[in-house]
């Protein structure tokens, strides 16, 4: 069983992916992690990724898709796709790759949250620079103010979590990623979760209930 999580920045996709990995033993497909691994191994694809990143450019779909394809070839099912695909073209390429390895997306969960709530969540977010754990001054406060619950490292605010940058990210999401919702509505088991007033645990319980596991 493979699932996809869709939703705007700040909707809680990362938190749900973390829960699915920790509680239900799913494997998260992170294109960022996959690219960093290729770079650390100095592979041909890794060197290409590094070239684009050093220039401050997005790594082209063609390269990202090759890296994802390698991963899919050597991985069993029970995958979570979170943050990939971002565009319609990536989605179509992913379905072709999955088909090649006799895999498919079984469930697509769209976590829908109001823009004003998203902005408030993101601008209140703090992250641990060491373990990458995410906290929120509104919804997920650290046990000790300003410090990570897991390693006591001082929490920081991500540079792209400022109000102006959040607004740009939401606009980019609407232009590039919203079309995916219409696409997957007709291609997979599509489940929309209205999460404005739901806690992360309530969202997780809805997902778990749909998966029947």
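Along the chain as shown, residues are numbered 1 onward.
Cβ atoms here come from the backbone N, Cα and C positions, even for glycine.
Annotation for residue 10 (ATP binding site): spatial neighbours 113, 118, 119, 121, 122, 125, 166, criterion Cβ-Cβ under 8 Å with sequence separation of six or more. According to Swiss-Prot, the ATP binding site annotation covers 10, 11, 12, 13, 14, 15, 125, 134, 135, 197, on the basis of sequence analysis.
Positions annotated as AMP binding site by Swiss-Prot, on the basis of sequence analysis: 31, 36, 57, 58, 59, 83, 84, 85, 86, 90, 158, 169. In sequence order, 29, 30, 31, 64, 68, 90, 94 constitute the residues six or more apart from residue 84 (AMP binding site) in its chain with CB-CB distances below 8 Å.
Summarising the annotation, Swiss-Prot assigns Zn(2+) binding site to 128, 131, 148, 151 and lists sequence analysis as the type of evidence. For residue 131 (Zn(2+) binding site), the count of additional Cβ atoms within 10 Å of its Cβ stands at 11 [all protein chains shown]. Secondary structure at residue 131 (Zn(2+) binding site), as computed by DSSP, is coil.
Secondary structure of the region 'NMP' (30-59) per DSSP (helix as H, G, I; strand as E, B; remaining residues coil): 21 helix, 0 strand, 9 coil. Annotated region 'NMP' per Swiss-Prot: 30-59, in sequence order.
Taken from Swiss-Prot, the feature region 'LID' applies to 124-161, supported by sequence analysis. Long-range contacts of the region 'LID' (124-161) within the same chain, counting only residues at least 6 positions beyond its ends with a Cβ under 8 Å from a Cβ of the stretch, are 10, 14-15, 169, 199-200.
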Cα-Cα distance linking residue 131 (Zn(2+) binding site) and residue 14 (ATP binding site), given in Å to the nearest integer: 14
The region 'LID' (124-161): DSSP-derived helix, strand, coil residue counts: 3 helix, 11 strand, 24 coil
Residue 128 (Zn(2+) binding site) versus binding-site residues 12, 59, 86 - nearest by Cα: 12
Reduced DSSP assignment, residue 12 (ATP binding site): coil
By Cα-Cα distance, the member of binding-site residues 135, 148, 151 nearest residue 158 (AMP binding site): 135
